[in-house]
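Visitor: First the structure, which I've put down as structure tokens, then a few questions once you've had a look.
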């Protein structure tokens, strides 16, 4: 942003034509660029993106917003919301909107059910797919108890707590996700299927890529909402897609992932399709992952970079990798939270199975992408898009910080294709495997006091209880595979 203090005009410099921003007579003003708003002070050069209560009220009035969705996320990563009219906005901004927490799985008991939503003003955005007369906006909220204390079962709070610890150590945690999903047809009743009429593969384009138009509209909608989209393309499996948006600080990225999933599903439905973030919807194809690219910076400088190192990594980067590798088996119930998640984590479909790291090789769990210096980052390849991004980023950051604090060096990097090694070769190199199913992952998580402490007792207990129940229900279910194998010959 460049300011002309004499005229009171600002110029927002983008890769497009500069957008002229004219100050109002008031001391604080804003200008809408598509549906993203830029706020700043008229005096001096304090250009802040943060909104005040009055900013939000004014935007709602001037943009003809009639409904505001107060959104929050449960411990399993499901977006929830309460819709209010514009007349109730001031009440919501005063943190007076209440909801029944006992109705949300994993939150609180019925005798302590009153919970309050505290909107994060910086998450205000107008949904571009809703009517342009009587628009709909949203605010992401933190959750508080009736006595005014933060609710320890709020996943967003867990991430904020770990981020604060990193900040106290002088670090900023930046994250860039790679979100994959499938687009399938719906049946005559509008219900989702796993049917697709395309056979497109990696980087294919239309007319082979039948989801190209839907993906394009998703990108345009996300950009309208303030996302900086870096790329989008067809993925390996038929009907599989990926849209990558620019990295940001951890909390903003987690918020963006939740918004991204909602937007993708909404636009897909408008194209008569169903978007699913289920990790492995069909047997015999590549599943959907959500690779997490992570970096730490201090005073604006990437501390993972060291040009004098063999692979360009600093001592802190090695320690961060060491912390991830120490705790990853116990984090997998968070990064891969479904029974179905472990159908993706099998050899033969480019998903990681083995706990190792490499500077270039894509077969290990952790990879260092080729960009170095200020772009140096650590890529964790096991998370899938069904996971709760707040909890995923919280445990990743906490594990990495544990590695830095305790100077945990990782084992030697592995440049061979691990999938081509024998069991004996992997054992000789000390290469462990990720848990093979959800039950193993839950048991591993419960055995790691550090990860349980990061999540807190409330989330750990409720999460593990629910996931054990999910596993038990799955184990009792008679599957199509069993019928095909046994029904006729036994």
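Cβ coordinates are placed from backbone N, Cα and C, and glycine is handled just like the others.
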Visitor: Besides 245, 246, 247, 362, which of 230, 235, 374 does TrEMBL list for that ATP site?
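Guide: Same ATP site in TrEMBL: 230.
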Visitor: Of 274, 291, 327, which does TrEMBL put in the Mg(2+) site with 178, 180, 235, 242, 379?
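Guide: Matched candidate out of 274, 291, 327, per TrEMBL for Mg(2+) with 178, 180, 235, 242, 379: 291.
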Visitor: May I ask which residues of the same chain, at least 6 positions away in sequence, place their Cβ under 8 angstroms from the Cβ of residue 245 (ATP binding site)?
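Guide: For residue 245 (ATP binding site), the qualifying residues are 176, 177, 222, 227, 228, 229, 230, 256, 260.
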Visitor: Can you tell which of the binding-site residues 246, 286, 344, 362 lies nearest to residue 180 (Mg(2+) binding site) in space, using Cα positions?
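Guide: Of the binding-site residues 246, 286, 344, 362, 286 has its Cα closest to that of residue 180 (Mg(2+) binding site).
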Visitor: From the Cα of residue 291 (Mg(2+) binding site) across to the Cα of residue 247 (ATP binding site), what is the distance in angstrom?
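Guide: The Cα atom of residue 247 (ATP binding site) is 12 Å away from the Cα atom of residue 291 (Mg(2+) binding site).
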Visitor: Sort residue 286 (L-glutamate binding site) into helix, strand or coil using the DSSP assignment.
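Guide: Going by the DSSP assignment, residue 286 (L-glutamate binding site) belongs to neither helix nor strand, so it counts as coil.
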Visitor: What three-state class does DSSP give residue 362 (ATP binding site)?
Guide: coil
